[in-house]
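Everything on this sheet refers to the single structure shown next.
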Amino acid sequence: MKYAVIGDPVSHSLSPVMHQVNFKSLNMEDTYEALHIPTQDFHDIRHIIEDNHINGFNVTIPHKERIIPYLDEINDQAKAVGAVNTVKIINNKWIGYNTDGIGYVMGLKQVYPDLENAYVLILGAGGASKGIANELSKIVQPKLTIANRTMSRFETWDMDINAISLEQSEQYLDEFDIIINTTSAGLNNNDDIVISLDNLSSSTLVSDIIYIPYKTKFLKEAEFKGNTVYNGLDMFINQGAESFKIWTGKQPNILEMKYAVLNKLKGV
């Protein structure tokens, strides 16, 4: 079987490294590659996938919403989020899934076991935020708080949440047990920081879904203040592991997948 990740750009993706190591550790002859599909060519996606003999694929930026009209079916999680990151192909039928939210929450449970009673603030209101919020809402009892720069973004949300501005979130930081940044601030070593952490409580877990760099400026600042921090590496590994399960019905070797990505990040 042949799998791929599609995006624009996509050459930076660590998904091929992660999945190839997993296939090898399980003695599978399947392959996984990065397939660059420019936005202007996306209308031909069905033919491109068929011509490359792809049996299933992951979808990354900027195609997670764009793929939806080309699918034959979409599962409830992806429908709720309005974005797809995994496509399974059965007898030429394309089925869309979203494993980002569950991937993040699986990892978060390991570092914050009392998730059920946590007061959670999510920064950003894009697809990643919605996926994580949708999954957290199944576990967390207190109402989730989502902060975004523009309030109009919440018009597409169909969830029972507290919607506030980023400025408001800075005032109430000390009320939260977990703060999760889902914005692109800090990506690729830029020095942007989404909010001021001046009012941060020392007991708050501070998280960022970015894993390149391993610690964003946001996490470094929180760590400097003495807080526990948690990046997006587990989310990346777990969403890939969930995709593998969807495609093959088999259990992935998550430890090998994580080592492969860590070694690549370290330049080993």
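Each residue, glycine too, has its Cβ placed from N, Cα and C.
Same-site candidate for shikimate binding, as annotated by Swiss-Prot with Ser13, Leu14, Ser15, Thr60, Asp100, Tyr211, chosen from Asn27, Asn75, Asn85, Asn199: Asn85. Cα-Cα distance from Asn148 (NADP(+) binding site) to Thr60 (shikimate binding site): 22 Å (rounded to the nearest whole number). Counted within 10 Å of its Cβ, the other Cβ atoms near Ile209 (NADP(+) binding site) come to 28, all protein chains included. The distance from the Cα of Leu14 (shikimate binding site) to the Cα of Ile209 (NADP(+) binding site) comes to 15 Å. Annotation note: Asp100 (shikimate binding site) sits in a helical segment as assigned by DSSP. A strand conformation is recorded for Asn148 (NADP(+) binding site) in the three-state DSSP classification.
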